[in-house]
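Here is what TrEMBL says about this protein:
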type: COMPBIAS; residues: 63-73; note: compositional bias 'Polar residues'
type: DOMAIN; residues: 104-491; note: domain 'Major facilitator superfamily (MFS) profile'
type: REGION; residues: 1-30; note: region 'Disordered'
type: REGION; residues: 57-91; note: region 'Disordered'
type: TRANSMEM; residues: 105-129; note: transmembrane segment
type: TRANSMEM; residues: 135-156; note: transmembrane segment
type: TRANSMEM; residues: 168-185; note: transmembrane segment
type: TRANSMEM; residues: 191-211; note: transmembrane segment
type: TRANSMEM; residues: 223-244; note: transmembrane segment
type: TRANSMEM; residues: 256-277; note: transmembrane segment
type: TRANSMEM; residues: 315-340; note: transmembrane segment
type: TRANSMEM; residues: 352-370; note: transmembrane segment
type: TRANSMEM; residues: 382-401; note: transmembrane segment
type: TRANSMEM; residues: 407-428; note: transmembrane segment
type: TRANSMEM; residues: 440-463; note: transmembrane segment
type: TRANSMEM; residues: 469-489; note: transmembrane segment
Amino acid sequence: MSAYTFGAALEHTSSKITSPPAIKQKNTSAPPSAIELQEYFNSVQSQHSGYADGITPAGPQTPGWTGSQTPKTPNELEISRPPSPEQATEVVPSFGFPNKNRWRVLAVCVVYLANGLSDAAAGALIPFMETHYDIGYAIVSLIFITNAIGFIAAAFFTDLALEKLGRAKACMLSEALLVAGYAIIACTPPFAVVVAAFLLLGLGVALNLALNNVFLANLANPTVILGAAHGSYGLGGVIGPIMATVLVSRGILWSRFYLITLGLHAICFFTTGWTFWNYESEPTSLKTGNLIPRRAGETQPTKLQMMKRALNSRVTVFAALFIFAYQGSEVSTSGWVISFLIEARGGDPAKVGYVTAGFWGGITLGRFVLSHLGPRIGEKRFVYILTVLAIAFQLLVWLIPNIIGEAVAVSLLGLLLGPVYSCALTIFTRLMGRDVQMMALSFVSSAGSSGGAIAPFLTGLLAQQVGTFVLHPICIGLFVIMVACWYGLPNVVKKSE
């Protein structure tokens, strides 16, 4: 082979270096197109799957810009798998989210205002009911008993009403029961019919309390929101005795007072229905239990099983006893302190009726102002402090031989009792399983109303025999029960992120 041929074999020609293609300028003024997004998605999927773009073990992918692709690889299957309840990010509702919650909280506050208006006025109206029907302490106390029976009965069908009717219609049902009860009382029927009407009032109030307490307790920052809502109840408690005392002191029949509460609950019938309409369709409504994780093959528990689980819970039992004692002391003080001042201190019925307004004024101020201290101090420690101080001020109400001094002590007693309810509900909700919250809190509410009936009824029976001073040792005993039950509750364990 010649040298020329050999050199030609070694000779090579370098290819001409061309300029790189122009870089596509990023358009910052417009969002990426669907095609660009699909290209990016395909590139990410190919990185996860470990195969070349558009190639899978089954062959080339069918091109397509839209629609879902069937996952083929283990990684793709893992990526495409929907999140389990444990992995799902929980959407926590708040006062401002969704926006309609603002109106819902406001509607609940009006409902509680009307509840407080009625409950607190009873203490100022009892002396006039006794005069009108010519009955004594023991007989007039029957209104507390039937009211409690209504609360207890409501505990067994509140959850069923929520499931069958939905939250909006269940709230409207509670308001309809209250409107019917107040309409009966306003007509001044025989006392036996009045007693029966208080059964309807117990049913209605128990239903709206259970529904609304669960809703409020599951919002962000529940202690403050519950404090505001139950502060509205206290505000009604301030206004109720004043309005009732003014009406009866001007010669207006005592039963006409209930026309006011009838009108308020008629308004609440429409406001609660509107604000909670389609509530179940919102993502935040899942907070109440739809994200409860269940094992594969596990069936949904029946209502009877959930009720047994709720009632067998140590938290439910101690919570029920605590609220029983709390509402027993609250309603006993509100209902009988005026009779105590009339009998033991010689007070004028037309004037001492305002003492109850001072008691509820203290409760209102405590719920609006002191409730903010609960999360800072710790709800559990805060309730201990408040209850011990309440015992001290109950003793002052008993021992100070002066109406003005006792009126001040009663107001301060209300101030201390005010934040207890909202702090307690916050702790109870944290300790209860979400799937039994409605059932458990309905039972707790019914127990509270039972305390609000049995304690005043017992006070009335003993007052007829030995005097109205028995109010104070009964309330002190109830405060001691509160401390014991609070101690028996387990500690709240904060969830780790």
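Each residue, glycine too, has its Cβ placed from N, Cα and C.
What you are looking at is a predicted structure, and each value in this text was computed from that prediction instead of being measured.
Segment contact is absent for the transmembrane segment (223-244) and the transmembrane segment (469-489), given fewer than three CB pairs below 8 angstroms at sequence separation of 6 or more. For the transmembrane segment (105-129), the most Cβ-contacting stretch among 135-156, 315-340, 382-401 is 315-340 (pairs under 8 Å). With a cut-off of 8 Å between Cβ atoms, the residues of this chain six or more beyond the transmembrane segment (191-211) that come close are 111, 115, 118, 129, 133, 135, 139, 142-144, 146-151, 153-155, 158, 161-162, 167, 170-171, 173-178, 180-182, 184-185, 265, 272, 438, 441-442, 445-446, 449. Mean model confidence of the domain 'Major facilitator superfamily (MFS) profile' (104-491) amounts to 88 (pLDDT, 0 to 100 scale).
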